[in-house]
């Protein structure tokens with residue numbers, strides 16, 4: 001199970017990495033291109049946390065966000081290693097892969113690269129990326145499996 005979960009983590013990270021690399025190589029900041037009804041590629045940089053909170057804070061706060069993110073990631077690794085069931089392990093692995101992607105961005109780019117822009121009429125989601133989708137799906141799996149931060153004994 002460990003090899004499969006490592007493969008999931010690495011795959012999620014690489015998909016996230018290469019989609020962001022493609023955005024960096026092909027778009028200018030704030031470029032926005034409609035690709036489907038209700039879906040655009042809009043290249044933005046998120047200097048804050050989820051949903052763009054704390055965007056305008058100092059570099060010290062940004063460093064603190066990285067440190068806190070790493071500690072949360074270590075905790076999720078710990079919880080994953082305590083899990084015995086396949087579905088929970090899958091959920092944690094997907095979360096870890098996505099978390100690595102966003103932490104990588106913060107460390108090497110100084111911000112998270114977001115580009116998936118979904119809107120329905122005037123209702124508009126914050127722009128996000130593949131790592132965010134992965135983290136969300138991982139949490140949905142844990143909630144479905146009723147194992148979020150609960151250890152099987």
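Cβ from N, Cα, C; glycine included.
Among the ranges 7-27, 28-48, the one that Swiss-Prot lists as transmembrane segment is 7-27.
Ranked by the number of CB pairs under 8 Å to the transmembrane segment (7-27), the listed stretches 59-79, 93-113, 123-143 are led by 93-113.
Remote same-chain partners of the transmembrane segment (59-79), defined as residues 6 or more beyond its termini with a Cβ less than 8 Å from a stretch Cβ, comprise 47-49, 92, 95-96, 99-100, 102-103, 106-107, 110, 149, 151.
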